[in-house]
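Below: one structure, written as structure tokens.
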């Protein structure tokens with residue numbers, strides 16, 4: 001490339017860095033993506049709470065197993081399941097063209113396990129325990145998406161407060177209430193009804209989901225520790241690492257070149273004389 005365009009290695013490196021930053025999703029794109037997820041999780045948790053409030057298995061998990069498999073499906077549970085299933089299918093499909101996160105494959109595995117769990121619980125008439133799992137998972141996600149929205153909107157103090165609430169809710173729901181469901185399916189269920197092959201697959205998927213939660217909890221605690229040291233939450237627990245590095249490096253260069261004030265610049269290609277011209281790629285010297 002140096003021979004073709006007659007530029008220094010430093011000039012070419014700078015141009016490619018700027019070109020790569022141009023393809024990076026804007027804050028507005030990330031804000032919109034996060035907004036619709038936040039709206040869905042809020043709706044889903046409220047709807048799920050209303051649906052589950054009068055269900056006996058919400059207050060006593062053992063009712064998930066009493067009378068099995070002769071457990072009818074009410075209309076509200078049917079809608080709760082179908083809407084949730086449609087949402088996770090849409091997440092799985094949109095993940096490939098939405099903002100790419102550093103935990104892309106973990107989230108893909110999470111969506112696949114969730115869909116398999118919902119499908120298996122529906123086919124095997126285990127909708128009671130399945131609805132409990134859905135309700136437990138929707139709660140913490142509301143605060144996560146809200147924290148990211150305030151981060152994108154540059155309300156740092158509000159973001160820190162919401163993220164602190166999210167951390168507490170996450171630990172309570174994902175590492176305390178959810179393991180209680182697994183305990184019921186692993187210990188209490190075999191004492192109440194005879195086991196069958198599909199049950200073991202279902203219970204294994206529940207445990208795999210818990211393993212993913214433990215991994216995410218480690219990432220969340222890392223963010224919390226960094227926030228305590230820095231005095232504010234830095235980055236996004238699910239942001240792309242290269243994206244964050246690019247953000248900080250671009251802002252640093254902008255501050256230096258503009259006397260301390262960041263300024264948005266157009267994508268430009270360097271030429272031999274050290275000046276820049278707008279374009280898609282460096283052109284060979286005529």
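Backbone N, Cα and C atoms are what each Cβ position is placed from, and that goes for glycine too.
Automatic prediction, not curation, is the source of TrEMBL annotations.
Here the DNA-binding region (3-27) has a mean pLDDT of 78 out of 100. Summarising the annotation, TrEMBL assigns DNA-binding region to 3-27.
Under the heading compositional bias 'Low complexity', TrEMBL lists 239-252.
Per TrEMBL, the feature compositional bias 'Polar residues' maps to 269-280.
Look at TrEMBL and you will find 1-26 tagged as domain 'Homeobox'.
Annotation source TrEMBL lists domain 'TLC' at 29-229.
TrEMBL lists 239-286 with the feature region 'Disordered'.
Outside the transmembrane segment (78-97) by six or more residues, the chain places 40, 44, 47-48, 51, 104, 107-108, 111-112, 114-115, 118-119, 122, 127, 130-131, 134 with a CB less than 8 A from a CB of the stretch. Under the heading transmembrane segment, TrEMBL lists 78-97 (among others).
Per TrEMBL, the feature transmembrane segment maps to 104-123 (among others).
Under 8 Å from some Cβ of the transmembrane segment (158-178) lie the Cβ atoms of residues 133, 136-137, 139-140, 143-144, 146-148, 150-151, 209-210, 213-214, 216-217, 220-221, 223-224, 227, 232-233, all in the same chain and six or more residues away from its ends. The transmembrane segment feature in TrEMBL is assigned to 158-178 (among others).
Taken from TrEMBL, the feature transmembrane segment applies to 198-221 (among others).
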